[in-house]
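Enquirer: There's a structure below that I have some questions on.
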Amino acid sequence: MVERQHIPVMLNEAVEGLAVRAGGSYLDGTFGRGGHARVVLSRLGADGRLLVMDRDPQAIATAQAAFAGDPRVSIRHANFSTLAEWDETAAGLDGVLLDLGVSSPQLDEASRGFSFLADAPLDMRMDPTQGESAADFLAHADEREIADVLWLYGEERFSRKIARAIVERRKEAPITRTGELAALVERLIGRREPGKHPATRTFQALRIRVNGELGALERGLEAALERLKPGGRLSVISFHSLEDRMVKQFIRDHSGRVQGSRRGPPVAAAPARLAAVGKAQFPSEAEQAANPRARSAVLRVAEKLA
Ligand SMILES: C[S@@+](CC[C@H](N)C(=O)[O-])C[C@H]1O[C@@H](n2cnc3c(N)ncnc32)[C@H](O)[C@@H]1O
């Protein structure tokens, strides 16, 4: 299959948010196919540094091919939650970019098991060298856990019904294919949301669970804050309300505002370590029309304080 290009989302806004300086050090924790990373690199001079991470070996292979021989670039196959454990970040960073979620090539390559549109093994791991697949999870999780995952990460209102059907089905044989799961959900709940496949929410929820996406984000934000230099920028694009809420709360929690309930006495917060740069940004109408993946994107930028 010919790989469909990943169209970078909010490219200019996210890179502008980093306020790139020619001699600075920047980390792109979600390289994907390098849309954002290439623009950052184009703004660096000979003394600049670009550190690239992705948990997907295919993304890393693309980075290695794209940047071979460029002494300014270092590449690491790892979860961005471990960015502070990478020696290359020890001297501090002037910017960290996270463009969360999955890339178009991951969705489009049927064998990765992310898509309900093509029948393939039910995998969904961004890093297929580690952890359990979606099929493994569905084979052992109890009904309650499956329902909670569908509800929390997919806001699927038929979460209990779907979880019950999955558990019933696996008594006969495990669910191992994307096509089986998509058909089971479709038979159960029918086509209710116009323009949306009935299994969209189920697949999204399983993907978030299988890849531990929210835990990675929580640890990744802390690690980024630890490694950013004063004046360094954090630029994060989220595609899901749970992710965006975490980013917003993280910035708020570190922005040193006085906390406490309206009735109770104010409680002095820890010293401010971050300041939000502007408000949340959303893709333009033109971008949303040109790239449907951009529709749910939210960009937040923050600066580390001295
Ligand atoms: C939306 S794509 C990034 C696209 C990229 N900005 C571009 O323009 O090509 C998200 C990428 O982040 C990677 N990813 C998601 N969560 C990750 C994590 N916790 N650690 C490392 N990589 C992650 C995925 O494997 C995927 O390649």
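Our numbering is plain: 1 for the first residue shown, then up by one each step along the chain.
Note: Cβ is positioned from N, Cα and C throughout, glycine not excepted.
TrEMBL does not curate its annotations; it predicts them automatically.
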Enquirer: Could you look at Asp70, Asp94, Asp99 and say which one TrEMBL places alongside Gly34, Gly35, His36, Asp54, Phe80, Gln106 in the S-adenosyl-L-methionine site?
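Expert: Same S-adenosyl-L-methionine site in TrEMBL: Asp99.
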Enquirer: Enumerate same-chain residues with a sequence separation of six or more from Asp54 (S-adenosyl-L-methionine binding site) and a Cβ-Cβ distance below 8 A; give 'none' if the list is empty.
Expert: Gly29, Thr30, Phe31, Gly32, Ile60, Ala63, His77
Enquirer: Can you count the other CB atoms that lie within 10 A of the CB of Gln106 (S-adenosyl-L-methionine binding site)?
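Expert: Taking all protein chains shown, Gln106 (S-adenosyl-L-methionine binding site) has 21 Cβ neighbours within 10 Å.
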Enquirer: Measure the Cβ-based neighbour count of Asp99 (S-adenosyl-L-methionine binding site), defined as the other Cβ atoms within 10 Å of its Cβ.
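Expert: 26, counting other Cβ atoms within 10 Å of Asp99 (S-adenosyl-L-methionine binding site).
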Enquirer: For the S-adenosyl-L-methionine binding residues given in the record (Gly34, Gly35, His36, Asp54, Phe80, Asp99, Gln106), what is the largest pairwise C-alpha separation in angstrom?
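Expert: Among the residues the record ties to S-adenosyl-L-methionine, max Cα distance equals 18 Å.
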